[in-house]
């Protein structure tokens, strides 16, 4: 029998791997590291995970396989010792608005069960609990009263409804009932006065008169059953000798029955408020699901929000006059109608078109936006052809847009109007997504919506304290459910997500956050003997929380799993049981194993660049001198209050490299992206983005452009590639079209595009492959047998430059392209910027869909580098070191500092201390995440941050600045 202490890989050749042989210890924490593009993901995901998943899925029936995504068999000779594999990547966040942190982690499913089994419904009218009781419980409740207590047992058949009820009273008499209580007075049925049908009445039937004593159980049960049948599940026991004083009786108190003249006990065999009639169907878990019509708020369909016209988007800048376009939907229209409408309103409400919108009276602003109500205004219109006068009410800009949005059948018009809409909390469910019936059910004074609004840290405490508020029976029911909930909350705490709320939409999470959520779910599942493959779980995590994440990964290992992590984080590498260092460089220059073994063995290996950075032999240099703000110009953000920001005022010196730091959930993205970027792009670039709440931003006049270089894909189709995105493909096509052979044939640049007819291969339409659907086997992509994967037809491929066709050029790496086009500056310079940002290894025509987030971000950066510098641009980057090795970080910093040296301002959100230590200025937000964050903890140079006791960033930075002396800005080579 084979010994499976190792995971043995033989002859791995996927992508750039060069026939790799490797033995990995099972049940260990293994970190794969190395330069970007060196083959880490090819080995971990495309070989080991793909084969583990493929073998598991192949063991299922053909029927089951058709529902599962099948993996291609990787290019590898043999893998032994493989377990079923689970991959946790960053890309798979659900953008579905119905997906929340609670639903993704399954905590919400357990909460629904808890509220269905232990929750107590409360009447919205009285605030009192509504309980469903059996007849036996009702009998016991009466018999528990003091012996000799005199009671009337009543059936409330009419509660607060208009009518005469003659027919109903006659029916009761026929059934043998003799007395009723009508509007607070007892009558023989024959003597009931005629009731006025215009008024609301209360009628209770007297079913029995009782004096409490021990032998009453059988009679009482019969009488209660009779009352419940008559009153559709309700019964009342009224104390004959305990009248209420006048302040408590029906006439003077809201929602009470006029018959409530004495103290009474209300019984309900349904969940129904005996006072207001508010009823709840049987309480089941589906009542608390906002994805089920049984529980979802009918107004917003369980989304918690509605799109409505936003006055702040209709009038984006109140400092603009009406003539200059303060009313945005009307600003670009050439029709005289809108100006003449405003002139007429101006006469009626005493304003001129030259007035700024903010200087108009509240009444005038309201008339423009929401209409004149019942007040009529005289309008005079002249369109050049005819002139006419009319007196009418004015609808208002907002109601007009809302009406047109509902009535139009034009998709274009709908889209145009939607630019002035924003999501607002649903007015009925207040954003909780559920029906009133579901929100009436409470545990410990909170309904399910209020519990999900808490941060994970606070929810953990609430669920821990909950058993003390429950009775013995409730605790017995809840014990297992609470255990599951608390375990999952604890795991979320452990991976540094304690600041998130359970109601947070999962589409708004960063890649690192969503990956750690799935990691917490996996730990909750408690599987053993599994192979986990993770892709940089430390992304977006502050150094402070790194230890908790590593403890989580070690826990997965300790319960009997093999954990493979693709990671660049120094702590993760040093805590690994086994490290595999890929290299020596990227792309075609990588794909080999440079070093493997314990972290110490890798550090001792002279060939390992990773080892040199870990041991301190190589380092990202700390600059000797920090830049000052150019000409003392600064951006000042005043009173930022978005999300959890607490009135933050901070400065960013222009012409410097600034890092925004702080623990996860501290408010960095809200401050930089939601506030600064959106406000700046609105003011400078004229975008329609709506910034988070803030007072003002000073200093924007010194900028002419603001660019957010994010990690979203550069294209969503295989036809998009680095050459098309950076604009290098246009000069390449122009160059080929200018060659003598092409001119002789009359070819234009379009001949060399694989997107249009003419030069492309029509058999595969320029894709190079043909997709064949195989149903319960994976789709097979077969190389086109006409062009053999070249994408172009034979005639186009006949045009050669230096012996290479256009297809050969697209297949080159960027590095090869720079040398090949050395004499063609238009192409060389664009490709050279890609090489500068460390992407020399990618292919010029590589499909955009195969690029990682970090690679996409650096391609965007390269595009910016190739533009003509104005020296007045603000560049914003969110964690640009994602997916970067120490050595790549050093190269990236050179590029970012080059942008700053041109006079631009670069601001990054970053946790990587190697980047933070090279910054000229640091803004540290926090001190904690979520509710405990949102403050400016410190701002200044890295040295100033180190001196701030409350700053977690400062504490970790201090170690680094003390450990490594200052040097030149250049990265170590």
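Count begins at 1; order follows the chain as displayed.
In case you wondered, yes, glycine gets a Cβ from its N, Cα and C as well.
The ATP binding site annotation in Swiss-Prot covers 34-41, 662-669. In three-state terms derived from DSSP, residue 668 (ATP binding site) belongs to a helical segment. For residue 668 (ATP binding site), the same-chain residues that are 6 or more apart in sequence and have a Cβ closer than 8 Å to its Cβ are 660, 661, 662, 909, 925.
The annotation domain 'ABC transporter 1' is assigned in Swiss-Prot to 330-609 on the grounds of sequence analysis.
Look at Swiss-Prot and you will find 629-958 tagged as domain 'ABC transporter 2', backed by sequence analysis.
Distant neighbours of the zinc finger (761-787): 62-63, 65-66, 69-72, 718-719, 753-755, 793-794; these residues of the same chain sit at least 6 beyond its ends, with a Cβ under 8 Å from one of its Cβ atoms. Taken from Swiss-Prot, the feature zinc finger applies to 761-787.
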Model confidence over the domain 'ABC transporter 1' (330-609) (mean pLDDT, whole number): 92
Which listed residue (36, 38, 664) has most other Cβ within 10 Å, given these are binding-site residues: 38
Close in space, distant in sequence - residue 40 (ATP binding site), Cβ under 8 Å, 6 or more apart: 32, 33, 34, 566, 582
Counts by DSSP class (helix H/G/I, strand E/B, coil) across the zinc finger (761-787): 0 helix, 8 strand, 19 coil
Three-state secondary structure, residue 36 (ATP binding site) (per DSSP): coil
Same-chain residues at least 6 apart in sequence whose Cβ lies under 8 Å from residue 666 (ATP binding site): 925, 926, 927, 928, 929, 933, 934
